[in-house]
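Visitor: For reference, the structure I am asking about is given below.
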Amino acid sequence: MPELPEVEVISNFLLDKIKNKQISNVIVNNWNLRAPITKNIDDMLKGKVIRNIKRRGKYTIWNTDGSVAVIIHLGMSGKLIYADHDQMRNKHDHVVFLFSDNTSIIFNDPRRFGLVIVLNKEQETDFFSDFGIEPLTDEFSGDYLQELLKNKKVNIKSALMDNKSIVGVGNIYASESLFRARISPLRSAKNLTYRECEKLAAEIKNTLSDAIAAGGSTLKDYAQPSGSAGYFQNNFYVYGKVQKPCKICNNIITLIRQNGRSTYFCNACQN
């Protein structure tokens, strides 16, 4: 699943390519994703101009001049593809946004866990109302993290992946950030010291920023709208490295399951 860095890379690409473009048509080839695509999406968006593109958590948001926004989540396997109008369509191209300059954005999603909806400003505010803090903001700090975690009765990795507390830190970047901070994913969240919270907050920011600079992580499905792969996976310390030596100490990387998700860590470096 694309996480915060991948969606940030996608949103930045789209901001450069489709800001101030007018939507001429929206073609829906499959209405049934994880939730139905907004009815009358073509009528709602036809003639609208894209004024801004931003990210919230793992969602990319296209604000238009018509007080409505397109909200897209890529699910497990979704992609947004930048193409000309006449590019040959593929089997899983569920939604095609056509622009007046003969370019298009194609939403392709083989597993159909993605989301494409249109909301007005009030609906957009309500939709994101229970989302947690953005980890790349100045407000996200050691002080904030310690206050957030002090009553959490879960392990630290699960706490980091709670979207109502912190958005966008998915499985990959939780594992990598905890390694960089030298904190075991098995630790109780509420027992982290202030110094550990300070270190962890910094390493979450560093890990996410490094991943964005690398174009994200391409493991299976993710690609940038241009078709280019990300390469942050080449810099992983622990994720996907089960039974391989730790880059720091040569101890063998451990794989466990936490809340149904794979967790990778070095039990020598992380405590």
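Positions of Cβ are set from backbone N, Cα and C atoms, glycine also.
For reference, Swiss-Prot lists these features for the protein:
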{"type": "ACT_SITE", "residues": "Pro2", "note": "active site, schiff-base intermediate with DNA"}
{"type": "ACT_SITE", "residues": "Glu3", "note": "active site, proton donor"}
{"type": "ACT_SITE", "residues": "Lys58", "note": "active site, proton donor"}
{"type": "BINDING", "residues": "His92, Arg111, Lys152", "note": "DNA binding site"}
{"type": "ZN_FING", "residues": "237-271", "note": "zinc finger"}
{"type": "ACT_SITE", "residues": "Arg261", "note": "active site, proton donor"}
Visitor: Given a separation of at least six residues and a C-beta threshold under 8 Å, show me what packs close to Glu3 (active site, proton donor) in the same chain.
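Guide: Set apart from Glu3 (active site, proton donor) by at least 6 residues yet with Cβ under 8 Å, we have Lys58, Gly168, Val169, Gly170, Asn171, Ile172, Tyr173, Ser217.
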Visitor: Considering Cα atoms only, can you say which of His92, Arg111, Lys152 is the nearest neighbour of Pro2 (active site, schiff-base intermediate with DNA) among these binding-site residues?
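Guide: Smallest Cα separation from Pro2 (active site, schiff-base intermediate with DNA) among His92, Arg111, Lys152: Arg111.
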Visitor: Let me know how many other Cβ atoms fall within 10 Å of the Cβ of Lys58 (active site, proton donor).
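Guide: For Lys58 (active site, proton donor), the count of other Cβ atoms within 10 Å is 21.
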Visitor: Just counting, how many other CB atoms are there within 10 A of the CB of Arg111 (DNA binding site)?
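Guide: Cβ-Cβ neighbours of Arg111 (DNA binding site) within 10 Å number 14.
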Visitor: Per-residue pLDDT averaged over the zinc finger (237-271) comes to what?
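Guide: Mean model confidence (pLDDT) across the zinc finger (237-271) is 97.
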Visitor: Just to be sure I understand the packing, how many Cβ atoms besides its own are within 10 Å of the Cβ of Pro2 (active site, schiff-base intermediate with DNA)?
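Guide: Excluding its own Cβ, the number within 10 Å is 30.
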Visitor: Among residues His92, Arg111, Lys152 annotated as binding DNA, what is the maximum Cα-Cα distance? Answer in Å.
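Guide: Max span of the DNA binding residues, Cα based, is 41 Å.
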Visitor: Starting from the Cβ of Arg261 (active site, proton donor), draw a 10 Å sphere and report how many other Cβ atoms land inside it.
Guide: 14
Visitor: Can you count the other CB atoms that lie within 10 A of the CB of His92 (DNA binding site)?
Guide: 17
Visitor: In sequence order, which residues at least six apart in the same chain have a CB under 8 Å from the CB of Lys152 (DNA binding site)?
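Guide: Looking at Cβ-Cβ distances below 8 Å from Lys152 (DNA binding site), excluding near sequence neighbours, one finds Ala159, Ser188, Ala189, Lys190.
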Visitor: Whole-number Å only: compute the distance from the Cα of Arg111 (DNA binding site) to the Cα of Arg261 (active site, proton donor).
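Guide: Checking the Cα atoms of Arg111 (DNA binding site) and Arg261 (active site, proton donor) gives a distance of 19 Å.
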Visitor: Going by DSSP assignments with H, G and I as helix and E and B as strand, what are the residue counts for the zinc finger (237-271)?
Guide: 0 helix, 12 strand, 23 coil
